[in-house]
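**Student:** What Swiss-Prot records for Asp113, Asp139 is active site. Feature annotation from Swiss-Prot assigns transmembrane segment to 59-79, 87-107, 131-151.
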Amino acid sequence: MQLFFLCAALVIVLDQFTKQLAITHLMPNEESLVLIAEWLKLTYTENTGIAFGLSLGSPMILIVSTTLILAALFLYVVFSKNRNPGFLITFGLILGGGIGNGIDRILSGRVVDFIHVDIYQGYLFGSWVSLWPVFNIADSAITIGACVLVIWYNRFFTR
């Protein structure tokens, strides 16, 4: 069980620390800081919605629904008899990522994103597109946790 809490705490601390660095050193609407060629950059953005900037309407609906989902996830893990390390790490990643983005939403009404993997940028069907959204550490933790959960579902949930 300690692994679950440790993983969630590590994600929260790393997420909030890197977002603070982005707020301090990257400016909104300015040039990206190129790290590797033109495909890995740091680009400051603020997201008031969920993944890919999708909106659920009122910010309060997003905060309440996220809180309920995270509370259910927390209770599920705490009361589960499953102590598989992969299970605990996976759910720790998801919980930590959800709390990390939740902190931003509660404090400022938006989530800071800054990691920009630009796989493709150009015209697609007559419109200018950047194929991959800008994201943050919390988003990465949630995505990795969800992917591992899907791939290893049978390993985590077989008796």
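Using N, Cα and C of the backbone, Cβ positions are placed for all residues, glycine too.
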**Student:** Where Asp139 (active site) and Asp113 (active site) are concerned, what is their Cα separation in Å, rounded?
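**Tutor:** About 9 Å separates the two Cα atoms.
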**Student:** Compile a sequence-ordered list of residues in the same chain as Asp113 (active site), six or more apart from it, whose Cβ lies below 8 A from its Cβ; state 'none' when nothing qualifies.
**Tutor:** Tyr44, Thr45, Glu46, Asn47, Pro133, Val134, Phe135, Asn136, Asp139
